[in-house]
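Only one structure is covered here, and it is reproduced in the block below.
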Amino acid sequence: MSAEGISIFDLIIAGVGGQGTILASDIIGKAAVKEDMSVRAAETHGMAQRGGSVVNHIRLGCELGSMIPLKGADVLLALEPSEALRYMEYLAEDGVILVNTEPILPVTVTSGLCTYPDIDDILSVMKEEREVKAFNATDLAKEAGHPQSMNVVMVGAVSNYLPVSVDTLLECVKELVPPKTVDINIRAFEMGRSVIQG
Amino acid sequence: MVKREYMLGNVAIARGIVEGGGQVISGYPGTPSSEIIGTLAGMKERNFYVEWSVNEKVALEVAAGAAMAGVRSVVTMKHVGLNVAADPLMTLAYTGVKGSMVIIVADDPSCHSSQNEQDTRRYSQFSLIPCLDPCTPQEAKDMMPYAFEISNKLQTPVIFRPTTRISHGKSDVELGPVKEDMPAADFQKDLERWVMVPKNARIQHPHLLELQKDILAELENSPWNELELSEGASVGVIASGIASVYAKEAVIRQGIDASFLKIGTYPVPEKKIRTLMENADRIIIFEEMEPVVEEQVRIIAQETGSDVEIIGKMPGPIPRIFELNTDVCADVLAEVLGLGRSDVPADTGEDFDYDRCRVELPMRPPVMCPGCSHRATFHVMKRVYGKNAIFPSDIGCYTLGIQSGTVDTTLCMGGSITVASGMYQAGETKPICCSIGDSTFFHTGMNGLLNAIYNKADITVTIVDNRTTAMTGHQPNPGMGKLATGEQTTEVCLETLCKGMGAGFVETVDPYDLNKAEEVFRKAKDYKGTSVVITEQLCVIDAKRSGIRRKPFTIDADKCVGCKKCVYLGCPAIEFDVETKKASINMMCTGCGVCDRLCMFEAISEVKK
């Protein structure tokens with residue numbers, strides 16, 4: 001868990017290059033700064049972005065380094081199921097995993113070099129060690145109007161845990177997504193927010 | 001009210017350049033440095049000149065010229081870029097500057113996007129040019145105006161060295177005032193200073209050595225070095241740059257009572273180190289990569305006859321490779337101070353222990369985009385030159401073709417053509433076909449081609465021209481007829497350029513047109529001497545951004561025989577179902593049509609609306 005005197009809330013966002021992990025962490029980071037919190041974040045740019053595995057660290061109320069220690073994160077927000085498992089060790093033992101169950105097959109799988117594990121197996125392994133909230137965010141995004149708004153569905157989901165107000169988060173969604181997609185993304189956010197509330 | 005914004009480290013550095021009154025800014029793209037110039041060039045209102053230069057040596061010389069003329073200049077690059085620019089760097093230390101000059105060199109410990117992890121602080125020691133090493137994006141921004149000031153005061157260029165976690169970290173950043181009264185360019189002739197013939201170099205070298213005392217005195221008391229003495233504590237921690245925030249967190253987490261010296265400048269603050277030594281029995285030194293601080297601490301201990309115990313990496317428990325982090329620092333502190341190891345395993349940068357969790361995770365390496373034309377070029381190259389041919393390659397997106405069997409060497413920017421030439425001159429009889437991107441060709445590939453042609457190397461040079469500098473984020477280059485700011489300029493024609501250098505065989509082809517491309521490569525292979533094939537096709541990301549929409553393709557499952565010919569392309573849009581033994585095309589398809597041209601069973605076709 002985020003330690004006292006160091007950070008208020010530590011979040012890991014995992015996914016695949018191209019899924020919009022940077023936009024997701026930007027919405028959260030910008031919202032926290034609007035609410036007068038210090039923020040530290042680390043992102044994957046450059047080479048690893050091209051369809052590779054990406055991980056962002058984001059620490060709210062932190063004035064030190066941006067890298068969250070292992071077993072230090074309060075929440076792991078995973079935009080892809082296998083990437084959730086890949087970065088699970090960053091999550092505190094009493095932390096929560098929010099995971100999109102829609103897989104993206106890496107080229108190593110599509111070209112037959114590796115196999116992609118069964119989604120239920122991934123979830124059950126994670127559930128043995130941590131609290132897991134799994135849902136198909138990609139389907140929700142399609143329902144909201146566009147599959148690309150999946151990252152904002154996930155931001156909506158994690159909004160239930162963040163020490164930042166929903167209004168500020170929504171304000172940042174409006175500022176950061178392409179103007180034409182604001183309505184879709186607001187719907188996406190609300191859908192993600194309510195899927196966790198059940 | 002103070003304005004705070006959520007910013008990328010590189011955007012904060014760009015802001016620092018504006019606040020410090022930068023007037024001429026040049027650079028060559030390289031992760032993690034690229035967004036500094038990208039940010040400056042994208043500003044709507046500018047009172048400075050900004051350019052993408054063709055390589056780092058050129059960029060550094062442009063900035064040096066500006067600083068010789070008395071203005072405030074900046075050059076940006078990644079760490080390996082400084083190797084390219086090392087020639088002017090070493091002598092610029094002798095001449096110094098008249099205005100101000102900041103050399104921004106972004107290091108990449110852990111090689112996130114690099115071919116090596118060299119430590120630019122070594123260049124600072126080597127060239128005797130001072131270096132600033134920020135620990136947060138805020139400090140990075142704040143250091144820029146300071147760097148201009150001391151550069152001007154001491155008449156020396158200053159190296160500024162962020163690392164990946166600064167450049168690609170984000171943070172709330174407090175903005176400062178923007179400098180407005182900038183000097184005008186006014187070059188003053190001074191042969192002894194600006195003309196480094198041996199006679200003058202022999203005058204300047206002792207001056208440079210003499211200057212080191214002033215540099216040290218200036219930096220010693222700068223705000224970037226902070227000593228917090230803890231009364232009665234026997235442990236002293238020294239940490240530099242980004243490692244200082246990791247070490248700080250580790251000290252807090254472990255609840256250790258220690259004096260703490262944070263270092264942000266090179267040369268290191270000797271007086272503060274001496275004071276810490278007098279107040280500690282043991283000193284633990286955290287710094288990423290090379291033991292630059294540690295060596296200085298050991299020298300000071302020897303000079304002062306101090307018997308303080310020094311713990312670092314010479315050798316010691318702190319790794320000399322890869323990034324540090326809080327876990328590594330906490331574990332070292334626990335081990336050294338006998339606190340018992342923390343229950344948190346050290347993040348060694350190695351992959352997750354999959355065995356522990358029964359399911360095996362597939363590797364997810366970065367790959368070329370769906371529809372990327374490099375994939376088509378590599379397919380044809382392999383078909384024409386054969387599996388046994390040698391394919392030296394270079395640095396860019398096409399290096400991701402490492403799985404395709406057409407990237408046999410990657411040494412450095414521009415190193416493909418020269419390595420290919422060397423292999424040929426060594427007597428290699430296998431066919432040799434190298435590949436290099438358009439921007440990399442303009443960077444340092446041109447010299448290699450000139451050399452190959454001049455020395456009669458019988459090789460094929462493939463310029464994979466996707467009309468951008470794609471890997472680092474689509475910066476313009478001389479082949480595009482566009483400046484950093486988007487303004488139109490002369491479009492340099494690759495074909496004419498190669499012919500001008502004397503190439504006897506130069507042909508341009510669209511790699512999506514597999515048959516035509518194969519025909520061109522066969523002719524190039526048969527040509528005796530240096531042949532050049534330019535495979536030209538817009539980067540798929542740029543194509544999408546510029547509004548080009550191609551119809552996606554689909555596979556007729558009834559016609560698919562499961563031969564996997566399309567699958568072997570390695571396109572992320574093509575999937576293979578092991579149970580039905582059929583290929584299919586997913587939503588990522590960009591409609592390049594290369595798989596359709598490959599299929600011998602007419603199973604692939606454009607999606608009809």
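In case you wondered, yes, glycine gets a Cβ from its N, Cα and C as well.
Just so you know, TrEMBL annotations never went through curation; they're auto-generated.
So that you can see what the record holds, here are the features copied from TrEMBL:
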BINDING   B:CYS560, B:CYS563, B:CYS566, B:CYS599  [4Fe-4S] cluster 1 binding site
BINDING   B:CYS571, B:CYS589, B:CYS592, B:CYS595  [4Fe-4S] cluster 2 binding site
DOMAIN    B:551-581  domain '4Fe-4S ferredoxin-type'
DOMAIN    B:582-609  domain '4Fe-4S ferredoxin-type'
Residue from B:CYS560, B:CYS563, B:CYS566 whose C-alpha is spatially nearest that of B:CYS595 ([4Fe-4S] cluster 2 binding site), among the binding-site residues: B:CYS566
Residues of the parent chain within Cβ reach of the domain '4Fe-4S ferredoxin-type' (B:551-581), under 8 Å, 6 or more residues beyond its termini: 367-371, 375, 379, 403-404, 587-591, 593-596, 598-607, 609
Fewest other Cβ within 10 angstroms of its own Cβ, chosen from the binding-site residues B:CYS563, B:CYS566, B:CYS589, B:CYS592, B:CYS595: B:CYS563
Summary of DSSP states over the domain '4Fe-4S ferredoxin-type' (B:582-609), given as helix, strand and coil counts: 5 helix, 7 strand, 16 coil
Other CB atoms, at most 10 A from the CB of B:CYS599 ([4Fe-4S] cluster 1 binding site): 20
CB within-chain contacts under 8 A for B:CYS560 ([4Fe-4S] cluster 1 binding site), separation at least 6: B:LYS582, B:ALA583, B:PHE601, B:ALA603
[4Fe-4S] cluster 1 site, defined by B:CYS560, B:CYS563, B:CYS566, B:CYS599: further same-chain residues with Cβ within 8 Å of the Cβ centre: B:ILE555, B:VAL561, B:GLY562, B:LYS564, B:LYS565, B:VAL567, B:ALA583, B:CYS595, B:LEU598, B:MET600, B:PHE601, B:ALA603, B:ILE604
Integer mean pLDDT for the domain '4Fe-4S ferredoxin-type' (B:551-581): 94
B:CYS589 ([4Fe-4S] cluster 2 binding site) versus B:CYS566 ([4Fe-4S] cluster 1 binding site) - Cα distance in angstrom: 13
Cβ contacts of B:CYS571 ([4Fe-4S] cluster 2 binding site) (under 8 Å, same chain, 6 or more positions away): B:PRO370, B:GLY371, B:ARG375, B:VAL594, B:CYS595
Extra residues within 8 Å (Cβ to Cβ centroid of B:CYS571, B:CYS589, B:CYS592, B:CYS595), [4Fe-4S] cluster 2: B:PRO370, B:GLY371, B:PHE553, B:CYS566, B:LEU569, B:ALA573, B:ILE574, B:ILE585, B:THR590, B:GLY591, B:GLY593, B:VAL594
Between B:CYS563 ([4Fe-4S] cluster 1 binding site) and B:CYS589 ([4Fe-4S] cluster 2 binding site), the C-alpha gap once rounded to whole angstrom: 20
